[in-house]
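For reference, the structure discussed in these notes is given below.
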Amino acid sequence: MNRLPSSASALACSAHALNLIEKRTLNHEEMKALNREVIDYFKEHVNPGFLEYRKSVTAGGDYGAVEWQAGSLNTLVDTQGQEFIDCLGGFGIFNVGHRNPVVVSAVQNQLAKQPLHSQELLDPLRAMLAKTLAALTPGKLKYSFFCNSGTESVEAALKLAKAYQSPRGKFTFIATSGAFHGKSLGALSATAKSIFRRPFMPLLPGFRHVPFGNIDAMSMAFSEGKKTGDEIAAVILEPIQGEGGVILPPQGYLTEVRKLCDEFGALMILDEVQTGMGRTGKMFACEHENVQPDILCLAKALGGGVMPIGATIATEEVFSVLFDNPFLHTTTFGGNPLACAAALATINVLLEQNLPAQAEQKGDTLLDGFRQLAREYPNLVHDARGKGMLMAIEFVDNETGYRFASEMFRQRVLVAGTLNNAKTIRIEPPLTLTIELCEQVLKSARNALAAMQVSVEEV
């Protein structure tokens, strides 16, 4: 039997939600009621699969952790008042911390004037952000297209590369095994995880995947394309594979890929959605090798953890294919004033506080500690790796990684696995994480592993 729409029910639900938004604190009964509501609504109206996935971030496997508010720049508080050190960072969103006052203030000030653009008049903040990114990014990157997410920035990059290379008779893209570029149809064609790809096959034609970090395989793909007349339009890759398990390529890999692109007339697209904005110890990870892409994809931390925004930045030569018809690829909300205000404030904070350098220093402290723990618990931990504040602890199997996330939750530290590598736990805290909190995270990790070791010995 079809359910009839109910305006009264919708009005009551929205009014209840608005009442919650206005509240700063909840009493015990309100907390319990909200937990029950959220769990029920996820089950009935969002996706029940998320509940099973999030069992690792509950104390008793009862989905009890419902997010309520930021505690500080580096912590989250749930509805029960429990404060967690954030070592997940919203998968790389909170580089400048939670509710950074500079970013929040910029958005609030813009909100008081004009939240969204008219679509017809020229919007000043979009122009100013584009100019700022042209100054900030490496090489000849000059023009920016703004959108709302990482996968949208990748879609724009792929379309831009197609528009530039199709008249030159080049149609094929090279991506890499283990890659994650998003889940919209074009981005998914470059992504390399079968569990995400298979239900939507066939995907876009013209994508080849070669092993990440293997320059010989990359070179062979270029050569074969040349021999068969199926020439390469562009290479798309992450400087460090985030969802693949924080996989670092050999030193010099990006430099060699750049040389191949130049030799064969292909574009180099770097997806820095997760590695960008200071995360790895440089503003952009490609700067570790002084590599300059033709197209750069940004999102996640660009909005300062306050607003969603993505950007696709390209050289004038490439971007000029859109000059004659700027409406070839557009988006209603991309580059809106609130998002641009957040991005401009985020860049200001990153530079003023020199957060990329802090990420390098504090990342070294954390990684040294994790590697020491790996040496102490070789039966549990296979590897600890990373760059800056993008790190991973790889466990011996999926179940051990899941157990570590649960134990860290009990220690009030929030971590999670990666989408393409289940036995790898990602450590991706705000770049503002203090040295004291770094030490607390390492202490919690030691306690978690010690508890896991006891369980192993008791079996």
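Backbone N, Cα and C atoms are what each Cβ position is placed from, and that goes for glycine too.
Pulled from Swiss-Prot:
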| type | residues | note |
| --- | --- | --- |
| BINDING | Gly150, Thr151, Gln274, Thr332 | pyridoxal 5'-phosphate binding site |
| MOD_RES | Lys300 | N6-(pyridoxal phosphate)lysine |
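Annotated features, which come from Swiss-Prot, shown on the structure.
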residue : record                              : contacts (Cβ under 8 Å, 6+ apart)
Gly150  : pyridoxal 5'-phosphate binding site : His181, Gly182, Asp271, Val273, Gln274, Cys297, Ala299, Lys300, Gly310
Thr151  : pyridoxal 5'-phosphate binding site : His181, Gly182, Lys183, Ser184, Ala187
Thr332  : pyridoxal 5'-phosphate binding site : Gln119
Max pairwise CA distance, angstrom, over record-listed pyridoxal 5'-phosphate binders Gly150, Thr151, Gln274, Thr332
24
DSSP secondary structure for Gly150 (pyridoxal 5'-phosphate binding site), reduced to helix/strand/coil, please.
helix
Tell me, by DSSP, whether Thr332 (pyridoxal 5'-phosphate binding site) is helix, strand or coil?
coil
The number of other Cβ atoms within 10 Å of the Cβ of the residue listed as 'N6-(pyridoxal phosphate)lysine', counted over all protein chains shown, is 27
State the count of C-beta atoms found within 10 angstroms of the C-beta of Gln274 (pyridoxal 5'-phosphate binding site), not counting that atom itself.
29
Where does Gln274 (pyridoxal 5'-phosphate binding site) sit in the DSSP three-state scheme?
coil
